[in-house]
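Undergrad: Have a look at this one.
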Amino acid sequence: QNEEKWDFVLVSDIHEMGSDKEIKRKKFLDELSKKGFTIKKIEDTKLFYGVRAPQHIFWKYQCLQGKADSRQQNSSTHNNVAETTRIRIVNFILQNTVTPDLEKLHDLMKKKVFEAAFPLHKKEEIREILKDKWARWGVIFKEQPIKEIRHYFGEKVALYFTWLGWYTYLLVFAAVAGLVTVVAGTTVFSSSQVSKEICDANTTFMCPLCDQNCSFWVLSDTCTYAKVTHMIDNEATVAFAMFMAVWATVFLELWKRERATVVTNWNLHMWDEDEEELALQLINNLQHEPRQYQHSYFRSTIIFILALLLVVVLIGIAHMLVIYRAVAMALFTQSDISLLSKHANTMAVMTGAVLHYITIIIMTKVNRRMALFLCNLEKPRTLSQQENSFAVKIFIFQFFTNFSSLIYIAFFLGRINGHPGHYVRIAGHWRLEECHPSGCITDLFIQMAVIMLLKQTISNIMEYLIPFTSHQLRKKRKRPKERSLMLGEEEEAEDPCKRHWLNNYELNEVNMFSLFNEYLEMAIQYSFTTIFVAAFPLAPLLALFNNVIEIHMDAIKMMRLHRRMVPRKAKDIGIWLQVLEAIGILAVIGNGLVIAITSDFIPVQVYKYMYSPCVRENRTGMDCSTGYINNSLSVFRIQDFEPHTKVLPEFQGHQIKECRYRDYRSADNYTYTVQFWHIFAARLAFLILFEHVALCVKLIAAWYIPDIPQRVKNAILCDKHKSLRNELSTMEYVTEV
């Protein structure tokens, strides 16, 4: 039984005898043999080489880790090496074995000498436990078997699932709060004075939404829209935004505690990555010299400039989407199809959101290439440094890809488009789109909802379908029929390893970025859940549903559809913690800006306390926001329209001389009124106040919750004390003898 335990399998095409590839392959396998590796060859449509490392390699590793006595090399110690450690060491040696031509496995795979190298999914008890308790849909609400995940996939994967489980668990509280906010919006605030005024305003004629063939329209037409807007734009949202700022901090602080507990249980708190890497390098080659740390200001400057250029391109793409929406709005409004012309604004927003989603998919591929290129330019020293460098770059690029269009809608839409008689135009022709009369926040709501729903449903379906389909296709590729008539074929067909290796080979390949992609997806989702959550309180709920499915989908992919990942050690989630902390700070700024600038919360408050009937006539019995809508609309004289604007002055039998538009401008010379500056000052004051309060609360929460629980600190203290006492006892015993 022990004879058939293989650590790794190398796969190669069948090359001609004496060909360049065949010689290179032989040289590589000879190098492994020199190191004492056992190699077994099986021939099928491809050549399979089973590789088993000699025991002395693991004994050396254990000595360097201080877990074995270097004076006696007995045969029992190597049996204690965990399967994950074994695979990790063998993988390192395979990747760092150099042929006489100075080529490594990586170079040989590029030259198609070898096609694949992977550890095997073994038929062991732990795998059956994982398949039963984790990698199926029936256990969707059960706790994850983290201990087993760690023993099968290593600490890095186990930490990812620990973090994802923790994040999903804490999302429950955010989702409930978001749901309460929406329910409050639909019940408590549904009969709001503002939306009631919009629904009753059937004699308020609004200025046309386009230049050609657009008629005037009545404000009460937007009654439904106003009700939807007020469902998300009310006092409850402000409280919810504040809650989410605190939630983001508490989540990360509690995660730090959870991580400390988990890592101490795994006895990894003292583990050092550099030391591990040096140990493996020396086991592989005793003459190895460590690679020095390097830093070049020139190289950093080049990387910074190139990264900045890509960010500018991404912002440019957001501008293109703005132009598309302005042109689409003009074309839809003039369309002969009544459905299009009637809902031109909504159609432009919806198609814009779909287009945005398509650009996200395309740019993701570009961003990945660019980030990889910049990462190689930087020349990081270790694998984890490379991962960290890559993670920061790709996250920044993906952030701008996903959010630049949302940032425009939230903070620029309807604020830079001028006013009737003096519109800002694209190429002097198309008017920039305006906010809806009942506020810009609904545009942001639609955009967020479309992107989040599309992103989660389509991405999840593709994430599962692509590996599933490619696995089925690889299975169906014709295998050679067993020609059992020919001599010697029978024994080979019966080789127990052959079927097992073939099954593993047919699974989808994994690489160092397989887990990385999952982290990136979650970081972007976390951004959606926190940054503009004031405009879309249902984001945490959608994220929660997504994550419950995501955990088990990832599990099924790893266990049933993908080859076994090379296990890696880790004692934290790496650079992702800093990324999440940065998102937490952006969330405070983002939500503060959404409430101060995008929503109508501030203008309504200013009106209530400075311009409403309550202030003027000292009435206490009435709603103080009475008259707000009329107050927030400015008057425009039709004779002042630009020459090329064609508008019919006749509307529903009324001869119209004036129309209304959303702004605070005087009716005489269209300059800003005093009220505009009052609101501007109030927005600024609120923003500063909200951000300072939220950041203070975040700091207090961070201080209040210790990063490492006391029992973990005490456990580490006792361990140190025990080891020092044992050392002293041994010393005293030796001196006595």
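Just so it is clear, glycine is given a Cβ too, placed from its N, Cα and C backbone atoms.
Annotations in TrEMBL come from automatic prediction, not curation.
Pasting the relevant annotations from TrEMBL:
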- 77-146: domain 'Anoctamin dimerisation' (DOMAIN)
- 149-715: domain 'Anoctamin transmembrane' (DOMAIN)
- 157-184: transmembrane segment (TRANSMEM)
- 236-255: transmembrane segment (TRANSMEM)
- 301-324: transmembrane segment (TRANSMEM)
- 344-363: transmembrane segment (TRANSMEM)
- 390-413: transmembrane segment (TRANSMEM)
- 523-552: transmembrane segment (TRANSMEM)
- 573-597: transmembrane segment (TRANSMEM)
- 680-705: transmembrane segment (TRANSMEM)
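A description of the local structural setting of each listed feature is requested, covering burial, neighbours and distances.
TA: Helix, strand and coil content of the domain 'Anoctamin dimerisation' (77-146), in residues and according to DSSP, is 37 helix, 3 strand, 30 coil.
Nonlocal intrachain contacts for the transmembrane segment (236-255), taken as residues 6+ away from its ends with a CB within less than 8 angstroms of a stretch CB, comprise 163, 166-167, 170, 173-174, 177-178, 180-181, 184-185, 188-189, 530, 533-534, 537, 540, 577, 580-581, 583-584, 587-588, 591-592, 594-595, 599, 601, 690, 693-694, 697-698, 701-702, 705, 707.
Counting only same-chain residues 6+ beyond the ends of the transmembrane segment (301-324), those with a CB under 8 A from a CB of the stretch are 352, 355-356, 359, 363, 367, 370, 374, 377-378, 393, 396-397, 400-401, 404-405, 407-408, 426, 430, 432.
Long-range contacts of the transmembrane segment (344-363) within the same chain: residues 209, 314, 317, 321, 324-325, 328-329, 332-333, 335, 397, 401-402, 405, 433, 436, 443, 446-447, 450-451, 454-455, 458, each at least 6 residues beyond the stretch ends and with a Cβ under 8 Å from a Cβ of the stretch.
Note on the transmembrane segment (680-705): residues 241-242, 245-246, 248-250, 253-254, 257, 584-585, 588-589, 591-593, 595-597, 602, 605-606 of its chain, located 6 or more positions outside it, place their CB under 8 angstroms from a CB of the stretch.
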Undergrad: Please indicate, using numbers and ranges, the residues of the same chain that are 6 or more beyond the transmembrane segment (523-552) and have a C-beta under 8 Å from a C-beta there.
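TA: Sequence-remote neighbours of the transmembrane segment (523-552) are 134-137, 139-141, 144, 161, 164-165, 167-168, 171-172, 174-175, 177-179, 181-182, 185, 232, 237-238, 240-241, 244, 247-248, 395, 398-399, 402-403, 406, 410, 441, 444-445, 448-449, 451-453, 455-456, 460, 576, 579-580, 583-584, 586-587, 590-591, 594-595, 598-599.
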Undergrad: May I ask for the residues of the chain that lie six or more residues beyond the transmembrane segment (390-413) and have a Cβ under 8 Å from a Cβ within it?
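TA: Contacts with the transmembrane segment (390-413): 307, 310-311, 314-315, 317-318, 321-322, 352, 356, 359-360, 363-364, 367-368, 370-372, 374-375, 433-435, 440, 443-444, 447-448, 451, 516, 519-520, 523-524, 527-528, 531-532, 535, 574-576, 579, 590, 593-594, 597-598.
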